[in-house]
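Chemist: Okay, here's the structure, questions in a sec.
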Amino acid sequence: MWWFQQGLSFLPVVLVVWSAASFVFSYITAIVLHHVDPLVPYISDTGTIPPERCLFGIMLNVSTFLGMATMYVRYKQVSALSPEKPKILRLNKLGLTLGWMSCFGLCIIANFQKCILYYIHVLGACLTFGVGSIYMLVQTILSYLMQPELHSKDIFWARLAVFLWSCSSILSMFVSSVVLYSGLYGQNLVQKLHWDPQERGYTPHIISTVSEWSLAFSFLSFFLTYIRDFQKISLRAVVSLQGQTLHESPGSFRAEEQALLIAGSI
């Protein structure tokens, strides 16, 4: 059995590969059609103009559902491993809530482009990366609380390193974006897709775009730390029939079942 066939380890792998492909494919399409500059454009800029906008939106919507599924499996795993620890259970529920909020933000990013509805797009980015970073912090704390009985120290340190990587990228992107859009380098820079290295504002622009790509891949790297954990878990659905036929209501079936039990007892 291959490593990705063990348990549900394929789920975070598919999430990371699919999400990375959504960035790369939209970037390649935008470059080939000369819609953006080849040197590190904003990720959102590569999904602004059709046809890459359509590809970007569809693939990120799929990433949203993959992310929600991955976070739910992680939630169920922690709940099963620590059923009698209230502190861990509370943090686990908080983590799931934050994670799904982050996924909702990703859905907003996919469907509301930066150059069309800028403020809604920024809201989605804040949910995805801001709330998502808090989700990473909660999962890192859970990893710390569950070691060494349930988690190894290596996993904790790996998640802490990725979380710090994410925080540094957020800080760098925030500072450079504030400087870039402060008005010192012109107006309507949000709509600007092509930059000349000689023009004013190019340096903070590059710092901001590099930070955004770094932030995106720090998020993807965090889910790679789930692979080993997910190799040890599987989910299955239990089917419960509520009737002998498809046209009976559950209430009538329970009445018939109760009548049979009474008849059997007599």
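Using the three backbone atoms N, Cα and C, a Cβ is placed for every residue, glycine included.
Okay, these came from TrEMBL:
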DOMAIN    8-233  domain 'CWH43-like N-terminal'
TRANSMEM  12-35  transmembrane segment
TRANSMEM  55-73  transmembrane segment
TRANSMEM  94-112  transmembrane segment
TRANSMEM  118-145  transmembrane segment
TRANSMEM  157-185  transmembrane segment
TRANSMEM  205-227  transmembrane segment
Chemist: Between the transmembrane segment (94-112) and the transmembrane segment (205-227), are there three or more CB pairs that fall under 8 A, provided the residues in each pair are separated by 6 or more in sequence?
Modeler: no
Chemist: In terms of Cβ proximity under 8 Å, which residues at least six beyond the ends of the transmembrane segment (118-145) contact it?
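Modeler: The answer is 44, 71, 74, 78, 85, 87-88, 91-92, 94-95, 98-99, 101-109, 112, 151, 155-156, 159-160, 162-163, 166-167, 170, 190, 215, 219, 222.
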